[in-house]
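Report on the following structure.
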Amino acid sequence: MDVTKSLLCFISFVAFLLFSSVAEANKAHHHEFIIQATKVKRLCETHNSITVNGMFPGPMLVVNNGDTLVVKVINRARYNITIHWHGVRQMRTGWADGPEFVTQCPIRPGSSYTYRFTIQGQEGTLWWHAHSSWLRATVYGSLLVFPPAGSSYPFTKPHRNVPLLLGEWWDANPVDVLRESIRTGGAPNNSDAYTINGQPGDLYKCSSQDTTVVPINVGETILLRVINSALNQPLFFTVANHKLTVVGADASYLKPFTTNVIVLGPGQTTDVLITGDQPPNRYYMAARAYQSAQNAPFGNTTTTAILQYKSAPCCGVGGGSGTKKGNSFKPIMPILPAYNDTNTVTRFSQSFRSLRRAEVPTEIDENLFVTIGLGLNNCPKNFRSRRCQGPNGTRFTASMNNVSFALPSNYSLLQAHHHGIPGVFTTDFPAKPPVKFDYTGNNISRSLYQPDRGTKLYKLKYGSRVQIVLQDTGIVTPENHPIHLHGYDFYIIAEGFGNFNPKKDTAKFNLEDPPLRNTVGVPVNGWAVIRFIADNPGVWIMHCHLDAHISWGLAMAFLVENGNGVLQTIEQPPHDLPVC
């Protein structure tokens, strides 16, 4: 009996130590985000931009895998706002996901809301951004997830981590740009500059003194955590005369591969190692547009930062290329791909492989075929100017499977689902397009240009094994669409061009080591196939991360039912959840 008691005491003591060590290792990080108007000067002009804590870009958050984030958002701006934690799985914490009218009503001016969630099984680079209107043009920042304490990277530990946020800047109020586009039905005005960490760089007016500078020592290896936080533009990124070793993307590790250039759609992140193995000098880091939509206007300019060797015999500290007169100390410029270089994009995306054997579902319960396309609606007869500003006097729209997604306004979708409120949404999103046609052909019937509008969800049972074929279409114009799924990572098991053919294209499926992503670039005039297991209950939107497109309705949402027991059931809503 005494032996049994002693053994039980010993087991209890060990369990206590283990619990204490886990509790100590997994920390809770508390932050306060104050949403406010801040004077920001770019391109010679000053604007009252919406920021977090007066910072543009916003605060960098640093956590370890397993940590909890508690972020109180206080809205002192004049717009409604929400914050989305892009790529965070939000296991059972869908109330913290952030998309406006999907998982919550917006935080009104003068109000606050506290986001609380835990990072589970993710390491690498994520980010956060506003998910209301076009406020994410200036409301965004990095979220760096390190391995748990005592663990290490599956690659050589870098000397430093450097987040690089690629963005867009409007010499105007981005909210007004969107409102004008919605009013007229036309495409929104393009941005006036691309940025790296909020700065346009040397090639734009009034910008060279504040160009982002990244210092490096000879022989030093740093990890560049590159994030495309631009609203509407996939971007190429490169560094003059340096190789980039890709080791991760969307907070998942990859088999390392070396490249001269990377490409990121809006929403995507890529981790690359770079080594100071060149003669000490100044080298431009540069980003420019990848534009796949034919005849669509875009900003054909280049943003730059500077990789500056600390032993370079040149420069004043902290400035751009204007720190010395003449050209002798100008940074070396890299060669970037042409704006329409789809071949480079394809080679890059097809180089991705998961670091280890992937747990890809091989049996499928739900098989969806989802077409992606723009559209054109007729101008309303009572429109004030009598002529909308889309092509031939129409209004732009967009859809998935011929359904243009409409957000509710009185309740969020998750609130309506959780409380059983009728009339907010339906669960009849089609698993395939209503009409089969030559999706990437040149002679698509104009009858397919006007989609239905609705708030249609697709219901999934907990634990369902899901496959989605995402098919680009030539309606209006084919285009590379970065499709982002909230609440989940998914395996990209194949991609290709033309119309997906299940009889021959299934042979291309990679079920061994496909990359795990949260945002997939569906090839222009092509398709991508993704798979995941529906193990996270809630309402999760899937949308194009080109913000012009989501404002036109290029989205849908999944309703994932609760499973069995507490661990398969979404948590109860927080007490301070905003009301509409």
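A Cβ is built for glycine as well, from the same backbone N, Cα and C atoms used for every other residue.
Now, the feature entries from Swiss-Prot:
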- 1-25: signal peptide (SIGNAL)
- 34-150: domain 'Plastocyanin-like 1' (DOMAIN)
- Asn80: N-linked glycosylation site (CARBOHYD)
- His84, His484: Cu cation 1 binding site (BINDING)
- His86, His129, His545: Cu cation 2 binding site (BINDING)
- His131, His486, His543: Cu cation 3 binding site (BINDING)
- 160-312: domain 'Plastocyanin-like 2' (DOMAIN)
- Asn189: N-linked glycosylation site (CARBOHYD)
- Asn300: N-linked glycosylation site (CARBOHYD)
- Asn340: N-linked glycosylation site (CARBOHYD)
- Asn392: N-linked glycosylation site (CARBOHYD)
- Asn402: N-linked glycosylation site (CARBOHYD)
- Asn410: N-linked glycosylation site (CARBOHYD)
- 428-564: domain 'Plastocyanin-like 3' (DOMAIN)
- Asn443: N-linked glycosylation site (CARBOHYD)
- His481, Cys544, His549: Cu cation 4 binding site (BINDING)
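Compute the center of the Cβ atoms of His131, His486, His543, which mark the site for Cu cation 3; besides them, the chain residues with Cβ within 8 Å of that center are His84, Asp97, Gly98, Pro99, Val102, His484, Ile541, Met542, Ile550, Ala555. Nearest neighbour of Cys544 (Cu cation 4 binding site) by Cα distance, taken over the recorded positions Asn80, His129, Asn392, Asn443: His129. Relative to His486 (Cu cation 3 binding site), the recorded positions with Cα atoms inside 10 Å are His86, the candidates having been Asn80, His86, Asn189, Asn300, Asn340, His549. DSSP assigns Asn80 (N-linked glycosylation site) to coil in the three-state reduction, outside any helix or strand. Taking the Cα atom of each, His84 (Cu cation 1 binding site) and Asn443 (N-linked glycosylation site) are about 39 angstrom apart. The glycosylation sites considered are Asn189, Asn300, Asn402, Asn443; of these, Asn443 has the fewest other C-beta atoms within 10 angstroms of its C-beta.
When the C-alpha distances from Asn410 (N-linked glycosylation site) to the binding-site residues His86, His131, His484, His549 are tabulated, the minimum falls on His131.
Contacts of His484 (Cu cation 1 binding site) defined by a Cβ separation under 8 A and a same-chain sequence distance of 6+ are given as His86, Gly267, Asn518, Thr519, Met542, His543, Cys544, His545, in order along the sequence. Straight-line distance linking the Cα atoms of Asn402 (N-linked glycosylation site) and His549 (Cu cation 4 binding site), rounded to a whole number, equals 14 Å. Ranking the binding-site residues His129, His131, His481, His549 by Cα distance from Asn392 (N-linked glycosylation site) puts His549 first.
According to DSSP, His86 (Cu cation 2 binding site) is assigned to a strand segment. The glycosylation sites in question are Asn80, Asn340, Asn392, Asn410, and the one with the fewest Cβ neighbours inside 10 Å is Asn392. Non-local contacts of His481 (Cu cation 4 binding site) by the CB criterion (under 8 A, 6+ apart in sequence, same chain) comprise Ile372, Leu470, Asp472, Gly521, Val522, Cys544, Leu546, His549, Leu554.
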